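These features come from TrEMBL:
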| type | residues | note |
| --- | --- | --- |
| COMPBIAS | 217-234 | compositional bias 'Basic and acidic residues' |
| DOMAIN | 81-166 | domain 'PA' |
| REGION | 217-236 | region 'Disordered' |
| SIGNAL | 1-28 | signal peptide |
| TRANSMEM | 190-210 | transmembrane segment |
| TRANSMEM | 244-264 | transmembrane segment |
| TRANSMEM | 270-291 | transmembrane segment |
| TRANSMEM | 311-335 | transmembrane segment |
| TRANSMEM | 341-361 | transmembrane segment |
| TRANSMEM | 368-391 | transmembrane segment |
| TRANSMEM | 428-447 | transmembrane segment |
| TRANSMEM | 459-482 | transmembrane segment |
| TRANSMEM | 488-506 | transmembrane segment |
Amino acid sequence: MSLPPFNCRILAAALALYLIGLLCLGAGQNGSPPKIPGCSNEFQMVMVENWVDGENGEAFTGMTAQFGAVLPFDKDKAIKLPVVLTTPLDSCSNITSKVSGSIALSVRGECTFTDKAKIAQAGGAAALVLINDKEVLDEMGCNEKDTSLDVSIPILMIKASAGDALKKSILENKKVEILLYAPNSPVVDYGVVFLWLMSVGTVFAAAVWLHVTRPKNDDQYDELSPKKSANDDASKEEEETLDISATGAIIFVISASTFLILLFYFMSAWFILILTIFFCIGGMQGMHNIITTLITRRCNKCSQKNVKVPLFGDTSVVSLVVLLFCFVVAVVWFVNRKTSYAWAGQDIFGICLMINVLQVARLPNIRVATILLCCAFVYDIFWVFISPLIFKQSVMIAVARGSKDTGESIPMLLRIPRLSDPWGGYNMIGFGDILFPGLLICFIFRYDRETNKGCSNSYFPWLMFGYGLGLFITYLGLYVMNGHGQPALLYLVPCTLGITVILGLVRRELRDLWNYGTQQPSASDVNPTPIA
């Protein structure tokens, strides 16, 4: 016996399949500025470099308003200016401190952002920097009563911790200077190459996993009882798999949509925490399965040493040790999940989880695959592109970004740092964009093997090419749409399911693919003619 038991594998895979379907690709910007003269700027991230008594401090970020002057993109064109704390501190009335030719530093108060900007400009300030009252950057829009604005100085907001540090230095009579500029962020970062490789590699590994990791003597049954050995192997494989039905595919997409709405309206730290715990459990399960499979592949005798464990009975020593190792890795990642390097552990757990799910959850034929992928196709497009018309913003993208207040985000994503972006951040792809096409590709790989397809007439290489092409088109769409989050299944479904259907029609095998596994045995198979 090995840990966990097979019924736990199916339960964990089913739960993971449900949670994974909630998210696809989440990235981009939302919202459009109101059509008010002088208030049509796009929100820009600002790099704020600071000096205290001539000593260069750690740079931090800010965000510009929808009004005011645009900051230079090039650091060389930016001007370093002294910072003066305004009096009154909230800049809601005429400023009495000398801010002429300096950058005015103020806090959020009772008046509107536009009023603060007008007062700071009237006082001669070269720019206005507002300290937020929390550790996020809120969008500074225009007041509904403003019909037009004539603000010609830059206006930006910084986080509470950064502003408090500057304010403390000024109150200690230290000379504070800052330099403001807004470097461009590339729409498509070259880090997506590594994300593409991870996604394609995960699907490929999941498809060929059982074939590659199957013990060499697996097909060499005892000659005295070949039927018993074969039946036992088939029974074992049947226990480990969960076939997806057409009805189940439809119910899955409907329930995932319902849960997505609940996340959108009721997202909180504890809600995301529960999902993160489920992710850790699924990642542990997947990592345990992969490691134990690789060990037993190399050493068949290793799994024969057992020990009694409460609730589990006789358990393989190797399985128990690997489970404890996976548990420690999961705890370490969970504790450090907000660090800058946590993406690596998240990706490892996510890949293990998806490979495990694709071994357990299976599509029986192209008919079920068509229903599932077409439903997912509509689901992805609706929640990314159409939902803003109903919910005022893209529900999929909002959920993928997580909670602004706590910094928690749903971990059902593969992430790679943006390598060429001065602002950092991550390139992301949702697990659903790997899992849904992966189910089809895994079925096609089994179909090729079970029908003895050769290299010249197999479907698997074509679908792997189609999946890679679909991901490439996804990132091309991301570039064309100026970084707005893309429903990846919009491109992946035609490039995988579409290729399968076209090849099936050309080869006149579509009927077999459509009804595969559902054909009734012929009379000769049920009652074979005895040999004289």
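Quick reminder: no glycine exception, Cβ is built from N, Cα and C everywhere.
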Cβ-Cβ under 8 Å with the transmembrane segment (428-447): same-chain residues at least 6 beyond its ends: 17, 20-27, 195, 199, 202-203, 206-208, 211, 244, 350, 353-354, 357-358, 361-366, 369, 372-373, 376, 380, 400, 412-415, 453, 459-460, 463-464, 467, 470-471, 474, 488-489, 492-493, 496-497, 500, 513, 516
Among the ranges 270-291, 459-482, 488-506, the one whose Cβ pairs under 8 Å to the transmembrane segment (341-361) are most numerous: 270-291
Helix, strand and coil residues within the domain 'PA' (81-166) as assigned by DSSP: 17 helix, 19 strand, 50 coil
Residues from the same chain, set at least six apart from the ends of the transmembrane segment (368-391), whose C-beta lies under 8 A from its own: 21, 24-25, 30, 244-246, 249-250, 252-253, 256-257, 260, 264, 397, 432, 436-437, 439-440, 443, 485-490, 493, 496-497, 500-501
Tertiary contacts of the transmembrane segment (459-482), as residues 6+ beyond its ends and Cβ separation under 8 Å: 25, 27-28, 187-188, 192, 196, 199-200, 203-204, 207, 429, 433, 437, 440-441, 444-445, 447-448, 453, 488, 490-496, 498-500, 503
PLDDT averaged over the residues of the domain 'PA' (81-166): 88
